[in-house]
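**Q** Okay, handing you the structure first.
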Amino acid sequence: MPSSSANATLSPDVLGVHLQELRQAPPLVHNLTNFVAMNSMANILLALGASPAMVHAPEEVSEFAALADAVTINIGTLSAGWVESMLMAAHSARQHGKPWVFDPVGVGATRYRRDVAAQLLALKPTVIRGNASEIMTLAHQADSGRGVDTTAGTDEALQAAIALASATSAVVAVTGEIDLVTDGQRLARICGGHELMPRVTTLGCSLTGVIAAFISSGRDTFESTIAALACYAEAGRQAGLAANGPGSFSSAFLDALYNLNESTFSHLAPVEINHVC
Amino acid sequence: MPSSSANATLSPDVLGVHLQELRQAPPLVHNLTNFVAMNSMANILLALGASPAMVHAPEEVSEFAALADAVTINIGTLSAGWVESMLMAAHSARQHGKPWVFDPVGVGATRYRRDVAAQLLALKPTVIRGNASEIMTLAHQADSGRGVDTTAGTDEALQAAIALASATSAVVAVTGEIDLVTDGQRLARICGGHELMPRVTTLGCSLTGVIAAFISSGRDTFESTIAALACYAEAGRQAGLAANGPGSFSSAFLDALYNLNESTFSHLAPVEINHVC
Amino acid sequence: MPSSSANATLSPDVLGVHLQELRQAPPLVHNLTNFVAMNSMANILLALGASPAMVHAPEEVSEFAALADAVTINIGTLSAGWVESMLMAAHSARQHGKPWVFDPVGVGATRYRRDVAAQLLALKPTVIRGNASEIMTLAHQADSGRGVDTTAGTDEALQAAIALASATSAVVAVTGEIDLVTDGQRLARICGGHELMPRVTTLGCSLTGVIAAFISSGRDTFESTIAALACYAEAGRQAGLAANGPGSFSSAFLDALYNLNESTFSHLAPVEINHVC
């Protein structure tokens, strides 16, 4: 288990600046995501203040990725034609200096997913976001996780996340009850959210888009990823206050994302950033 | 018209036991469903307490069906590639002893749908769930139903349902204002729900997933199907109390499913089970 | 800039008649739309009182378009297989005298979209609905619009809309903060709606379906299109009164569409119809 020493913080003010900048210049986020997530993800990005687009035809996917400010690739409902487009999009993003975020949904479930994930990892995602099972599978390329929901806790994935970040040079975000972010050297934990979040489909997939929107700013990717997760967790916390179940939570979550502003974060403690030793 | 004689009941307590067992060991439900339904179905299964997954690539669909606790196949937005995967998933489910539920959306509308439905029926679904028009088409392989919404009442489909159950050895559920369930020998009617339900898209498709979640318990399939329909009808009834239209209904329905518990059913009359004579 | 002279109005009473007729004989609207929009569009059409269906397989798309009362084609998430089906559906609609509505999502973004749009335009849509950027691109076949959200105001698209209507014999609807409708000779502006509408995904795509539902009546297409936009704008205005953000707006919008009735329009001023000089 790696030990760590606290040596910096990210203040609530800085989180607010990240959000304000996103809204002043709404990023175009190009998503190759799964059929379940598309509608929710578009609504979440619009509520936040970004501009989502879903484009996947081989005839146009490279051209569109070059136009976009960031790209996301999610293998939730993959198939051969889509994989071809995912590889083209990731390649175009790299070629045009656009960040891209990889979401390895259910990677442990089948051999096909593990093979496709390996091909995508080779195209150097800027950020990898998954649940604990998914990050552990990617790090170990071992079989874990039966479906798309995690069977492991976030902290179990800590070492795997650090190893994966070191091996790929990506920022790795493990999201769950508590979120972890690491770039292999630095490590942060983000708390918040609400217990209803795993009962609403594709909130994780949509968070991948929110990370893409934040990292398109060109600021430090590790910090931008923290800002994305902190916004999401805070909107989740607020939505949970009024919710009676997953239906009312979904609606309140979109409202909360829309109404987030710089002062939203003022009550939060600074996010501690530790060095991985 | 077959006559029937009441000879058993399913008590509200037993419905509660079915629900409790589902939540204690959340089933992984593997869905090959239509593009319209995917998001709603995932949310409904999560609200209920099950774990949904949507996987359709020929490269992995058999492997995933073998991992899952139950499979659903819905032809709402079929195409040749998906039909291939549907047949593979149904075959794998049978081979691995997993129950599968067939949802013949709009089967009366085109020749293609009737042909695909016949291929799927040959793979012996455990349960068939459709509206009255769809069940009548399957039973008669006659042209009925213009679109995806039913033009017939549930009771008109009674004889067709019994005939279809007898011919296929499947439990057949005809859902609508009143639901019918039969295994060819036994027959039950489930009341409840709300008039707004047909105004919310894919509530029928999602119910197919709920049936799959319940029948994965390995208990008597006929009884488990009744339990699924009774939960759905009760959540619908509750949601209708607060709704001002289909938008607020959808949200309240997810909340109601999430908040269902054993005591929810205590006010209900037992479900009568009749022998088909 | 074309000048115009007011010479007719469409009264609130007539809008109510259009709506009443739609509900008395719910039209079957066959949609080939994008993956993001499918669920929302189905819910919006059901809330309004129409019967939506999503069918795209080449094996059945022509047969289904012939059964339907109107067809919509939306290129938001196009791919080669779907384009083939879109062309078949548009052709079948024309052949069987069914109106069809074209929604050129993001047409300015890539060469592929412009090429596909040109092929579809050649099949003579009855109505074309887009945002200002999309209509300007179609009219000029020039590169404009970066993503799927408009970068131009509705009034900037006025000349383009008139030119496009004249060139194609279609009714052209430019929707945005204010909506414009023209058939090349007549011009109307529809106000209403709410500032949250662009923050909810696929409300534009879904409006395309609502237009299809209204024009299937066989009444004057220009007037029916105005009626569709007026209903949508009024439901949006009402939903905005209670909304705290895009989540609560979505839910309230479906409720408002469902609860629209003839008296809903009584407070509205007549829609002015001007001759294009």
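In case you wondered, yes, glycine gets a Cβ from its N, Cα and C as well.
Take a look at what TrEMBL says about it:
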- B:MET54: substrate binding site (BINDING)
- B:ARG129, B:THR175: ATP binding site (BINDING)
**Q** Test of understanding: give the count of other CB atoms lying within 10 angstroms of the CB of B:THR175 (ATP binding site).
**A** 28
**Q** Across all the protein chains here, work out how many other Cβ atoms are within 10 Å of the Cβ of B:MET54 (substrate binding site).
**A** 26
**Q** Can you list which of the binding-site residues B:MET54, B:ARG129, B:THR175 come closer than 8 Å to chain A, going by CB to CB distance?
**A** B:MET54
**Q** When DSSP states are folded down to helix, strand and coil, where does B:MET54 (substrate binding site) land?
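**A** It is in a strand.
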**Q** Reported as an integer number of Å, what is the Cα distance between B:MET54 (substrate binding site) and B:THR175 (ATP binding site)?
**A** 23
**Q** Are there any residues in the same chain, six or more apart in sequence, whose C-beta is under 8 angstroms from the C-beta of B:ARG129 (ATP binding site), and if so which?
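**A** Correct list: B:VAL101, B:PHE102, B:ASP103, B:VAL172, B:ALA173, B:THR175, B:GLY204, B:LEU207, B:THR208, B:ILE211.
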**Q** Would you mind pulling the DSSP three-state label for B:THR175 (ATP binding site)?
**A** coil
